[in-house]
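According to Swiss-Prot, the protein has these features:
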type     : residues : note
ACT_SITE : ASP495   : active site, nucleophile
ACT_SITE : GLU498   : active site
ACT_SITE : ASP571   : active site, proton donor
COMPBIAS : 157-171  : compositional bias 'Polar residues'
REGION   : 154-173  : region 'Disordered'
Amino acid sequence: MEAAEKEEISVEDEAVDKTIFKDCGKIAFYRRQKQQLTKTTTYQALLGSVDTEQDSTRFQIISEATKIPLVAEVYGIEKDIFRLKINEETPLKPRLVCSGDTGSLILTNRKGDLKCHVSANPFKIDLLSKNEAVISINSLGQLYFEHLQVPHKQRATKGNGQNTPAATSQENQEDLGLWEEKFGKFVDVKANGPSSVGLDFSLHGFEHLYGIPQHAESHQLKNTRDGDAYRLYNLDVYGYQVHDKMGIYGSVPYLLAHKQGRTVGIFWLNASETLVEINTEPAVEYTLTQMGPAAAKPKVRCRTDVHWMSESGIIDVFLLTGPTPADVFKQYSYITGTQAMPPLFSLGYHQCRWNYEDEQDVKAVDAGFDEHDIPYDVMWLDIEHTEDKKYFTWDKKRFANPKRMQELLRSKKRKLVVISDPHIKVDPDYTVYAQAKEQGFFVKNPEGGDFEGVCWPGLSSYLDFTNPKVREWYSSLFAFPVYQGSTDILFLWNDMNEPSVFRGPELTMHKSAVHYGDWEHRELHNIYGFYQQMATAEGLIQRSKGKERPFVLSRSFFAGSQKYGAVWTGDNKAEWSYLKISIPMLLTLSVSGISFCGADVGGFIGNPEAELLVRWYQAGAYQPFFRGHATMNTKRREPWLFGEEYTQLIREAIRQRYALLPYLYSLFYHTHVSSQPVMRPLWVEYPDDLETFAVEDEYMLGSALLVHPVTDPQTATIDVFLPGSDEVWYDSKTFAYWKGGCTVKIPVTLDTIPVFQRGGSVVPVKTTVGTSTGWMADSPYELRVALSTQGSAVGELYLDDGHSFQYLHQNQFLYRKFLFCSSVLTNRCANEKGHYPSKCIVEQILVLGLKKKPSSVTTHLSDGRAQPAAFTYCAETSALRLEKLSLRIGEDWEVRVG
């Protein structure tokens with residue numbers, strides 16, 4: 001390791017090589033489960049042992065093969081959520097928990113429309129809605145639970161004679177990886193032996209499944225009958241392949257299934273390595289000659305089987321019963337939390353590179369945005385800003401006066417983000433290392449010493465963020481007196497927190513490493529980065545004494561990461577295929593609870609051609625997190641370096657983003673309080689339209705805007721599907737309109753961003769764009785009113801100070817509702833609890849879909865004052881435009897169209 005420490009660390013050390021990473025066939029617990037399940041293994045529920053409490057029912061289940069009892073607990077949770085936990089009744093050691101009739105048992109929710117039917121032999125659970133099966137558990141008999149065993153060396157003294165898979169030949173043990181597992185030069189020694197679990201779920205009538213990020217794959221989950229299961233195992237995969245089910249940076253073990261009339265979810269709460277197999281049995285059509293019409297209906301239903309397998313832990317699963325997509329999103333948020341309300345600046349454009357070289361480079365790039373009239377909010381610094389990759393430090397030569405640099409950014413109402421990774425350079429003279437070492441805050445190796453691996457600084461130890469005391473200490477490092485050179489405009493980026501360990505097995509930490517509570521790393525691998533982001537966000541809140549919202553971007557994530565900030569899709573490439581795959585990747589994150597997500601604009605690896613860069617900016621402008629980023633060995637690609645033609649196109653895309661911020665910020669408030677995604681697949685808004693279920697090249701931004709990015713080179717036309725047969729859609733640029741329920745061919749040039757506003761919506765935008773969000777606080781609004789086929793429209797605006805928690809603690813916010821009905825546009829308060837002084841006015845109103853020119857337009861204030869408003873009307877586009885208005889955004893008023 002000493003020699004490794006001295007070696008040069010470069011980006012190639014983490015370059016993707018698929019031989020570095022396991023496929024399913026090389027994962028021992030997967031092989032064991034697949035092999036054992038080919039045998040007849042039946043579990044029986046002992047319903048004579050039922051113990052019912054107020055909120056749970058407990059009973060034993062037992063395998064005919066092992067005769068070792070398991071304990072099953074079924075919980076009927078409010079909000080139409082059911083929970084099943086299965087654990088050993090008397091395990092040798094604790095297993096990590098991430099938080100009547102003898103023939104059958106029936107549990108019913110309070111409303112009586114949902115029933116949980118437990119069958120005894122063979123053990124099976126059916127979740128029924130209105131007496132029709134929605135989800136069945138263990139209907140395929142794939143329940144699998146490896147009981148903890150006494151190690152071989154102790155077995156003679158313990159006298160353990162239980163019949164287990166471990167009682168096999170030495171050769172078979174090695175093949176099954178029971179006590180140790182080999183992969184390349186690495187040997188994973190398992191102190192507790194085999195401990196994997198698995199269970200199958202049958203989704204009746206469903207064939208469209210989504211979720212279980214993160215994979216560079218389609219939004220709709222694919223069948224895995226080829227043996228290529230979806231892998232959930234957080235890994236640093238530099239330049240990952242597209243259309244691949246291998247695990248990459250984050251894992252959310254949460255799956256949604258959707259059909260006409262119902263959406264359900266399965267949340268498998270397990271932080272160890274997990275594999276998911278999916279198999280859809282299509283609907284079978286029967287003619288009336290084969291069977292009578294009464295029997296035909298149940299035979300037509302399709303079914304999708306989902307098989308979850310985890311390396312360790314217990315079975316702890318939540319079934320979310322919907323029935324609507326919105327209901328499932330809310331149910332999932334009850335368990336894992338909603339998206340944190342971001343500070344407004346973080347919804348602006350972020351400029352990043354590995355690395356901006358020094359303070360002068362930062363100053364020059366910052367000035368370049370102003371010189372070219374391109375707004376941006378945040379400058380980012382990667383690992384090279386530190387002294388020898390020691391986080392919480394500054395390179396004394398290149399960043400000699402970091403506060404002065406930040407004050408320059410502050411003067412322009414901009415922010416700075418710096419990186420802080422979980423690996424800590426082994427250096428006794430480095431304060432952070434010395435303090436953590438002294439207090440025992442690093443992950444341990446099996447022998448009890450500090451785990452050491454190689455990452456950017458060379459030889460490193462890794463903070464054990466699973467320890468609450470470590471998180472508390474880490475949070476304290478962000479205090480201004482401790483983090484020398486930091487100011488209140490400095491925010492954070494957690495990278496490499498899968499965790500990444502160069503030259504480790506699969507470039508990550510050994511599974512035998514030991515965490516707080518003596519838990520092996522294998523038990524909680526996927527939640528490691530989650531805890532770092534949690535501690536970082538808490539540190540930023542603490543440094544402001546609880547007043548200011550944090551901003552933290554994390555590469556690794558787990559279920560619930562939405563509570564602490566944003567994530568992105570990792571180290572993508574500057575290729576068209578990565579622009580295209582970014583859309584389904586972000587849609588999958590969005591429906592899995594993580595709304596604040598984005599992809600590196602332009603692609604992190606490689607040099608994008610100008611056309612690709614423009615198209616990526618145009619897509620990113622209409623996605624939640626908007627950051628340009630590039631690796632160190634690429635050409636510089638600031639927006640003005642590709643010639644004036646392309647500078648103008650990128651400028652326009654970014655300016656469109658800034659104009660749209662009132663709508664986008666309102667969407668984030670909506671997801672913060674009600675968990676509806678910001679970026680939505682079409683099926684979420686049109687749950688009964690079969691044509692939307694597999695669409696992944698376009699999406700909804702909120703409920704009002706449909707976006708279809710151009711993701712192929714030299715495109716002259718694109719086919720856009722406009723859903724809703726009884727709806728109307730308006731081109732946001734030309735105001736041309738189409739009836740919904742059809743696919744339209746749209747001509748595009750390089751300056752075209754295909755965005756359509758839904759009839760029946762009101763979208764608030766800013767009429768002027770500043771150099772950053774801070775300069776736009778008092779800028780006027782325009783209301784874009786797109787009328788439905790019935791001539792009505794509705795929308796909303798959320799407004800607060802954009803940075804503090806006063807919206808939460810002191811109700812300092814405005815929430816306004818706009819309604820156009822019977823030729824009258826009204827602005828009314830949508831939440832009487834909120835109060836916020838705003839100088840902003842509505843200066844312009846655009847009404848699309850007005851079939852004839854009005855004779856007059858008048859404004860009416862709450863004090864009774866009325867006055868005529870000047871207007872223009874275009875008969876060709878049926879567009880009415882009002883300008884030079886002065887209607888206060890926080891007051892009630894009406895605009896009457898005569």
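Sequential numbering from 1, following the chain as shown.
Placed from the backbone N, Cα and C atoms, the Cβ positions cover glycine too.
These numbers come from a predicted model, not from an experiment.
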GLU498 (active site) and ASP571 (active site, proton donor), compared by Cα position, are separated in whole Å by 13
Relative to the Cβ position of GLU498 (active site), how many further Cβ atoms are located within 10 Å? 29
In Å, rounded, how far does the Cα of the residue listed as 'active site, nucleophile' sit from the Cα of ASP571 (active site, proton donor)? 11
Across all the protein chains here, work out how many other Cβ atoms are within 10 Å of the Cβ of the residue listed as 'active site, nucleophile'. 25
